[in-house]
């Protein structure tokens, strides 16, 4: 989870988030190189008199600055498209979890198990146990197995919401009347926090998300105790 004065991303806990971080670094390096080149040219223009005729009308220069931006855009677009397809592609999910946004809480339904559904409200600050996080804890956590492909079906009962868990690289809009899909897979057990990321009313800030990712054996034990 995030910590005070953090400048970078949260630690990646899913393959998709790892790819997103690599893509961020890749794009940032390209932006840094372009910015450095532009600043270098500006400094030359300010300190040097550019009066040579070849710099005023040069076919080669015009060709370069026409082709080079196209190449740079391709270098950015290709890995971006790859990640988009990774996020959207899911053929045989091990589990399907349906999420509905409400003002101002989330409801969850494990569609593979008929009777397993619950609402998840933020835990009021006065009811927190020692060690729990203010404005991030909920009364019912979502328990899921690790290292398994999980399909998220996300929608809303009232207004626009956005189901977001930064460590897992998941951010999907919850739109009334529309069912959006996301892929979820974690590489290690843990507790992961998220929040609604779409302004949805007065209590928008009080819609936390808590996922508890456990090994498959522990998930099966949780199912037996819950059903």
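Quick reminder: no glycine exception, Cβ is built from N, Cα and C everywhere.
Not measured: the values here are computed from a predicted model.
The feature topological domain 'Mitochondrial intermembrane' is assigned by Swiss-Prot to 1-14, 88-227. Annotation comment: Swiss-Prot describes 15-45, 60-87 as transmembrane segment. Taken from Swiss-Prot, the feature topological domain 'Mitochondrial matrix' applies to 46-59, supported by similarity to another entry. Look at Swiss-Prot and you will find 161, 196, 200, 207 tagged as Cu cation A1 binding site. If you look up Swiss-Prot, you'll see 196, 198, 200, 204 marked as Cu cation A2 binding site. What Swiss-Prot records for 198 is Mg(2+) binding site.
Where Swiss-Prot records a feature, it is marked here on the structure.
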| residue | record | Cβ within 10 Å |
| --- | --- | --- |
| 161 | Cu cation A1 binding site | 30 |
| 196 | Cu cation A1 binding site | 25 |
| 198 | Cu cation A2 binding site | 18 |
| 200 | Cu cation A1 binding site | 21 |
| 204 | Cu cation A2 binding site | 17 |
| 207 | Cu cation A1 binding site | 27 |
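Note: the topological domain 'Mitochondrial intermembrane' (1-14) comprises 0 helix, 0 strand, 14 coil (DSSP; helix = H, G, I, strand = E, B). Nonlocal intrachain contacts for the transmembrane segment (60-87), taken as residues 6+ away from its ends with a CB within less than 8 angstroms of a stretch CB, comprise 15-16, 19-20, 22-23, 26-27, 30, 34, 169, 182-183. In sequence order, 101, 104, 159, 160, 161, 162, 197, 199, 201, 207 are the residues of the same chain, not among 196, 198, 200, 204, whose CB sits within 8 A of the CB centroid for the Cu cation A2 site. Note: the Cα of residue 161 (Cu cation A1 binding site) and the Cα of residue 198 (Cu cation A2 binding site) are spaced 5 Å from each other. Predicted-model confidence for the topological domain 'Mitochondrial matrix' (46-59) is 65, expressed as mean pLDDT. DSSP states for the topological domain 'Mitochondrial intermembrane' (88-227), grouped as helix (H, G, I), strand (E, B) and coil, give 21 helix, 61 strand, 58 coil. Excluding 161, 196, 200, 207, which define the Cu cation A1 site, the same chain contributes 101, 103, 104, 106, 162, 174, 195, 197, 198, 201, 204 within 8 Å (Cβ to the Cβ centroid), listed in sequence order. Here the C-alpha separation of residue 198 (Cu cation A2 binding site) and residue 207 (Cu cation A1 binding site) works out to 10 Å. Reported as a whole number, the C-alpha separation between residue 204 (Cu cation A2 binding site) and residue 196 (Cu cation A1 binding site) equals 7 Å.
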